[in-house]
Amino acid sequence: MAQMDYTRAAKYFLLFDFFAGFKLGLKYFFKPKATLAYPHEKGPLSPRFRGEHALRRYPNGEERCIACKLCEAICPAQAITIDAEPRDDGSRRTTRYDIDMTKCIYCGFCQEACPVDAIVEGPNFEFATETREELFYDKEKLLDNGERWEAEIARNLELDAPYR
């Protein structure tokens, strides 16, 4: 019993715990840093990353959305509102496609439900706004997002194709 007390006292007076912690700190001090200097450096994004919403167009310029309203029905947050009208050729197209980004939970159900890959969640995660009204996306804003991110969205969908 007395031997154990001497060992504890020796460790205490020789600052054993202090030097053990100092050694651990030095070990990690010389390793490469794991943090990034955001916004100057950005980490890689997965092809499955779900960011800002976008509506896509076909290569001929026609919008892909066929107004089936599956995305509106499956949205658990009820963030999507769609109005549609039939066209002269018998097909339907949306007249109103709104997403309330303040309600959206970025679950990706809308993207999974869409039979024509019209609504997608793009790679953009930096869409801070100054007013709440800017977070209500209408059809034009969504189509603009789709045009801006089309190359990256198409690449991500192609990379994700084996898993769908």
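Here the Cβ of each residue, glycine as well, is placed from N, Cα and C on the backbone.
Look at Swiss-Prot and you will find 55-85 tagged as domain '4Fe-4S ferredoxin-type 1'. Note on the domain '4Fe-4S ferredoxin-type 1' (55-85): its mean pLDDT in the predicted model is 96.
Per Swiss-Prot, [4Fe-4S] cluster 1 binding site is recorded for C65, C68, C71, C114, and the stated evidence type is sequence analysis. Applying an 8 A CB threshold to same-chain residues 6+ apart, the list for C71 ([4Fe-4S] cluster 1 binding site) reads I80, I82, F109, C110, Q111, A113, C114, I119.
C75 ([4Fe-4S] cluster 2 binding site) falls outside any helix or strand according to DSSP and counts as coil. Among the features that Swiss-Prot reports, [4Fe-4S] cluster 2 binding site is placed at C75, C104, C107, C110.
Residues or ranges marked as domain '4Fe-4S ferredoxin-type 2' in Swiss-Prot (evidence: sequence analysis): 95-124.
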**Request:** Show which residues of the chain containing C104 ([4Fe-4S] cluster 2 binding site), separated from it by at least 6 in sequence, have their CB under 8 Å from its CB.
**Result:** H53, A77, A79
**Item:** Residues close to [4Fe-4S] cluster 2 site centre defined by C75, C104, C107, C110, Cβ within 8 Å
**Value:** C71, I74, P76, A77, A79, I80, I105, Y106, G108, F109
**Asked** Got a sec? Which of these binding-site residues, C75, C107, C110, has the most Cβ atoms within 10 Å?
**Response** C110
